[in-house]
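Here the structure comes first, spelled out in structure tokens, and everything after it is commentary.
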Amino acid sequence: MSDILEVARKQVLEQGVGLCQEQLIEVLRSPDDQLADLLALAHEVRVQWCGEEVEVEGIISLKTGGCPEDCHFCSQSGQFTSPVRSVWLNIPELVEAAKETAKTGATEFCIVAAVRGPDQRLMSQVKAGIEAINAEVDINIACSLGMLTQEQVDELKALGVHRYNHNLESARSYFGDVVTTHSFEERWETCLMVKASGMELCCGGLVGMGETLEQRAELAAQLAELDPHEVPLNFLNPRPGTPFGGLEIMAGKDALRTIAAFRLAMPRTVLRYAGGRELTLGDLGTRDGLLGGINAVIVGNYLTTLGRPATADLDLLAELKMPVKELQKTL
Amino acid sequence: MTTLDMYCGHCGQEQADGSHEDCRRALMLEPPRYCAECRRRMVVQVHPMGWSARCSVHGDVSSDRR
Ligand code: SF4
Ligand SMILES: [Zn+2]
Ligand SMILES: [Zn+2]
């Protein structure tokens, strides 16, 4: 076993202390013939500090497309010639989506809007949506509505939003190559407000956007500093018409090393498979990741693209004897 | 999709124009964005378990009725 894996075994597995940026670089540079050992260790860390359960979530786009921001990976930006058109979901369809999600055994349902931050119209639609879902479906509701003001944080908290998603997207040093219409610090600010409110923070990013290995490690370290409850990990799915539309799909082995590195950076976080895994990892890689640090999945479709069938993931979890986390009845 | 489709749902070009092999593969992991009959961009909503799409002229298609 290599030095870094030995160090990680003592530091992360035994003591629960995540690896630092320099150590993560070593992990990301580790050779292919050590990948199996690396994934096995990351899995042990996950089981040790998070347990056997896997958290299942469904997501829905409440407001699609037409976003004024320019995140270069995103087909929903209004600044690119992406074929995605703007559309709002109505409340009955939102409730239906929550029901479909709950039927899979999922405990989380995340309502997402393609916006810089919510305006009055969106906030009232979200409020109406949450009330309608709560009346009919037993599921935790999460939201992802862009950058928030303190008043909006308070309002969402008062509505009973259980978790709020706001990703860092990329490392601070690469952020300017990914987004020019807002700053890394603005994102960071929203994350801090969400954490302080007592809502669970869900904060992750994308890899495979042309960042270096060092920047990948930097993103993991910056996420670890924020210490979110959940980290969704996306692999770039190059979307037609976006500035990153011509990038290559990330190599599966690099994606797996990234999963393990994120787990070794954050032993206790809910590390979720988000977009792009179908392309980057395929069925076999999906399984490797679940045995390499991942302990949460998005089932079914994404916001503008499709996932593999929910049953494929649920069957895989059953086969791996990984129990699906159940809804905690809170007071 | 039916064999009568004139246009590719993924790229919006004529079906007769090239093979659209990659487009067909892409459509396994994303909904069509262009109307198969007139190549207008459709309004598409993805749901957790499916999708629906509307052409302003040719009406609705969905993952149930593809
Ligand atoms: S803010 Fe969100 S929806 Fe808007 S362009 Fe960026 S990633 Fe896309
Ligand atoms: Zn095509
Ligand atoms: Zn049409």
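A Cβ is built for glycine as well, from the same backbone N, Cα and C atoms used for every other residue.
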| field | Residue in A:Cys50, A:Cys202, A:Cys203 which TrEMBL records at the [2Fe-2S] cluster site where A:Cys110, A:Arg272 also bind | value | A:Cys202
| said: Same chain, not part of A:Cys67, A:Cys71, A:Cys74: whose C-beta falls within 8 angstroms of the C-beta centre of the [4Fe-4S] cluster site? Give them in sequence order. | reply: A:Glu69, A:Asp70, A:Phe73, A:Ser75, A:Gln76, A:Ser77, A:Ala114, A:Val179
| List, in sequence order, the same-chain residues at least six positions removed whose CB sits under 8 Å from that of A:Cys67 ([4Fe-4S] cluster binding site)? | A:Cys74, A:Gln76, A:Ser77, A:Gly78, A:Ala114, A:Val115, A:Arg116
| Measuring Cα to Cα, how many angstrom lie between A:Cys71 ([4Fe-4S] cluster binding site) and A:Cys202 ([2Fe-2S] cluster binding site)? | 19
| Roughly where does the domain 'Radical SAM core' (A:52-277) sit in mean pLDDT, to the nearest integer? | 97
| query | Looking only at DSSP and grouping its letters into three states, which state does A:Cys74 ([4Fe-4S] cluster binding site) belong to? | reply | coil
| field | binding-site residues compared (A:Cys71, A:Cys74, A:Cys110, A:Cys202) - highest count of Cβ atoms within 10 Å | value | A:Cys202
| query | Should we count any of the binding-site residues A:Cys71, A:Cys110, A:Cys202 as near ligand 1, judged by a CB under 6 A from one of its atoms, and which? | reply | A:Cys71
